[in-house]
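Only one structure is covered here, and it is reproduced in the block below.
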Amino acid sequence: MSEKFHDSIERRASDSTADSETSLIKEEREGGVAAWLTVGGSILVYYCSMGILNSFGFFNNYYTSDFLEKTSPSTIAFIGTLQIALMNSLAAISGALCDLYGIKWLYIGAGTGTSAGLVILSFAQPDRFWQVFLIQGLLVGFAAAFGAQPALTVVGQHFKQQRAIAMGLVTAGSALGGIGFPLMFERLLPVLGFSWMLRIAALKVAVLYSISLAISTSRPVGKDQPRNCGALLDFRGFLDLRYAVLCIGGFFAQLGQWIPSYYIKMYTNAAYNEPSISEYFLPMMNGCSILGAVLGGLLGDRMGRLNLLWPIVMFTGCICIFVWLLINSLAVTVLFACLYGFGTGNFTALLPSVVGQITPDENLGARVGAFYSVVAIASLVGTPIGSALIDDDETRQGYWWLIVFSGTAITIGSLFMLGSRLLHDKSLRKRW
């Protein structure tokens, strides 16, 4: 009996030592080759998934002026916002699935679905809104959702101390896609037409997803846990007031966030009649968001992620009103596009890392996903609401209420983020 007892004690001590060594090895491996290759793979996934979504400003302009010209702009906007809403609402499930099973089958499904969706869209008929809505909005949005959130979650599995910069680099992939895809579309559309433009984009997506799958690794932290609904949808984070208030802030910010990227080209054409210049506004905005995402990640790790998040979001909301709305100048509109892109790059990179900062590692995917599933409601309705406020899409003054709505919603969101920061610690000098 005594020998069995001592054997049991020794086994427990051995298991404890093994767990400690495993934990130590994981800490030492942060920033290793496998981790940074995974970041590279996640950048490619974000390039394809979020890059397509960030390109909707191009589709919005083309659909409004040509392909779906009989459909109202506010109705067309639902195509893009449905993609974003699905991306956010399915984040809870896709992130938790990444925690449980890793990224292999998620990437295969997301890449195949996105490529197939673009090919099917190439056969859509003009003035058939329901076809475009179901294919681009529903199918492509659904497929992309199972790539984007896992791409962030898997990076969170590899990094703790450098999580903000790692996630910032990943989210920069969406901006790279927001540059590459619109420029490609602008060049291919007049030469090859809408259908072949989409087929080439589908091939590009398939190749990049394949590369990502080859270089990415995951550490499923819950594969030995019971597969229950609670493991996929973890809304217990809302019991933490900091998390709940931050989510309200993210909700308001998302109401207005996508409006400038959807309508900056249409606004520039209406206000200044410069179509040769307006086609560069969306890539310009997305290009500056790369700088914002990377710089935001670097500064966030040093001065505190939430310390940086709320003033950047407030700055972004204010320039909508005080720069875009009040100053009538093409040069100033260029400046606005650059500043706004920089601000949204920070916002996109910092928000998930802030949520991860107050989330237990074993629930990271499910908690971040639950957060974005609530924010999804705002991303679905925000841009159509703003679009409905356009009085005349052929004059600068017709966009005023759209701009006011966007700037006000983002600014309100920043105030709730400030509230979440104060709930962490009332001293704003402390790193949080």
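From the backbone N, Cα and C atoms, a Cβ is placed for every residue, glycine too.
Here's what TrEMBL has on this protein:
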COMPBIAS  1-14  compositional bias 'Basic and acidic residues'
DOMAIN    242-432  domain 'Major facilitator superfamily (MFS) profile'
REGION    1-24  region 'Disordered'
TRANSMEM  33-56  transmembrane segment
TRANSMEM  76-98  transmembrane segment
TRANSMEM  105-124  transmembrane segment
TRANSMEM  130-152  transmembrane segment
TRANSMEM  164-184  transmembrane segment
TRANSMEM  196-215  transmembrane segment
TRANSMEM  241-260  transmembrane segment
TRANSMEM  280-299  transmembrane segment
TRANSMEM  306-327  transmembrane segment
TRANSMEM  333-356  transmembrane segment
TRANSMEM  368-387  transmembrane segment
TRANSMEM  399-423  transmembrane segment
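For the transmembrane segment (196-215), the list of distant contacts is 37-38, 40-42, 44-45, 47-48, 52, 103-104, 107-108, 110-112, 114-116, 118-119, 121-122, 147, 181, 184-185, 188-189: same-chain residues at least six beyond its ends, Cβ to Cβ under 8 Å. Mean predicted confidence for the domain 'Major facilitator superfamily (MFS) profile' (242-432): the pLDDT average there is 87.
When Cβ distances are compared across the two stretches, the transmembrane segment (130-152) makes no contact with the transmembrane segment (241-260), since fewer than 3 pairs at least 6 residues apart fall below 8 angstroms.
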